Amino acid sequence: MTVVIGFEGSANKIGIGIIRDGEVLSNPRRTYITPPGQGFLPSDTARHHRAVILTVLKEALEQAGLKPADIDCVAYTKGPGMGAPLVTVALVARTVSQLWGKPLLGVNHCIGHIEMGRLITKANNPTVLYVSGGNTQVIAYSERRYRIFGETIDIAVGNCLDRFARVIKISNDPSPGYNIEQMAKKGSQYVELPYTVKGMDVSFSGILSYIEDAAHKMLSSGQCTAEDLCFSLQETLFSMLVEITERAMAHCGSQEVLIVGGVGCNLRLQEMMGVMCKERGAKLFATDERFCIDNGAMIAQAGWEMFRSGRVTELEDSWITQRYRTDEVEVTWRD
């Protein structure tokens, strides 16, 4: 049996999870929440993580019923993400690894999402749509790499949603995306917004600029409600994502789609993707907010796969990086 503890803190979530041979033993996390209309700054987020990380570590061990001696490997998020929060978490993981005398493993955040999705859903070889606050990619596995078939050429889909939430002062608790999703259910009028798909890639900055500029005019003149704007934004963004995912499936001859990342728990996105999959005779796989949203167990699971294939990170190589593409990692644990 191999037991791996994973530390995740690349954005506003701090999570520590423990995995034993595919079983999630514990997965506590905390979220740094800012007032409506505000985002989260790297320095403030890192301060939040520093304040709670040891409490979360204690919780993870207690919930799993394990002692440090029972852990075989310490995995942490190497990147991509926000610099200051990443440094905070890497520092603690490095220290724990040395105190406990356990090997260390730097994990790519995106690969953590993919491996957690594969573990929970039992998807075999899916086309992956990875959608979060910092990333938007369509990915498929080929020849020991997770190949990126299409991606955003500017901002991530989650960032577009978050920034729109700030414009109309939607609460950040529990997350702006979740609150937009709930408001969208009450929207009935579709407002036409820019739709930008460029081959396999998407662009969200234009739609954000347009809605930022138009929102207050439309709301104050009574042309539409805030709920209508949430509905329209979701429908447009998610249609773009479904289009590029279907194109990647056709290219790969794939019959499976796996949605991962924080935006992946949006039920409307899952519903729209499900319709496309049904039309193609394909299967859709997705997870709920326990595993879609950044968490420690996903880093532990990717670390478990890497550790079992003989990978470790030497102390002098245990740095972090804000830019770390999914296709930079050699996938040594898959055929």
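Cβ atoms are placed via backbone N, Cα and C, with glycine included.
Look at TrEMBL and you will find 29-300 tagged as domain 'Gcp-like'.
The divalent metal cation binding site feature in TrEMBL is assigned to H109, H113, Y130, D294. Its Cβ placed at the centre, H109 (divalent metal cation binding site) has 26 other Cβ atoms within 10 Å.
Taken from TrEMBL, the feature substrate binding site applies to Y130, V131, S132, G133, G134, D162, G177, E181, N266.
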* Structure fact -> The most crowded of the binding-site residues G134, G177, judged by neighbouring Cβ atoms within 10 Å of its own Cβ, is G177
* Structure fact -> Should one count Cβ atoms within 10 Å of each candidate's Cβ, the binding-site residues H113, Y130, S132, N266, D294 would be headed by H113
* Looking only at C-alpha atoms, tell me how far G134 (substrate binding site) is from D294 (divalent metal cation binding site), rounded to the nearest Å. => 11
* Structure fact -> G177 (substrate binding site) sits from Y130 (divalent metal cation binding site) (Cα to Cα, rounded, in Å) at a distance of 15
* To do: Would you mind pulling the longest C-alpha to C-alpha span across Y130, V131, S132, G133, G134, D162, G177, E181, N266, which the record has binding substrate, in angstrom?
  => 18
* Restricting the comparison to the binding-site residues S132, G177, N266, which residue's C-alpha is spatially nearest the C-alpha of D294 (divalent metal cation binding site)? -> S132
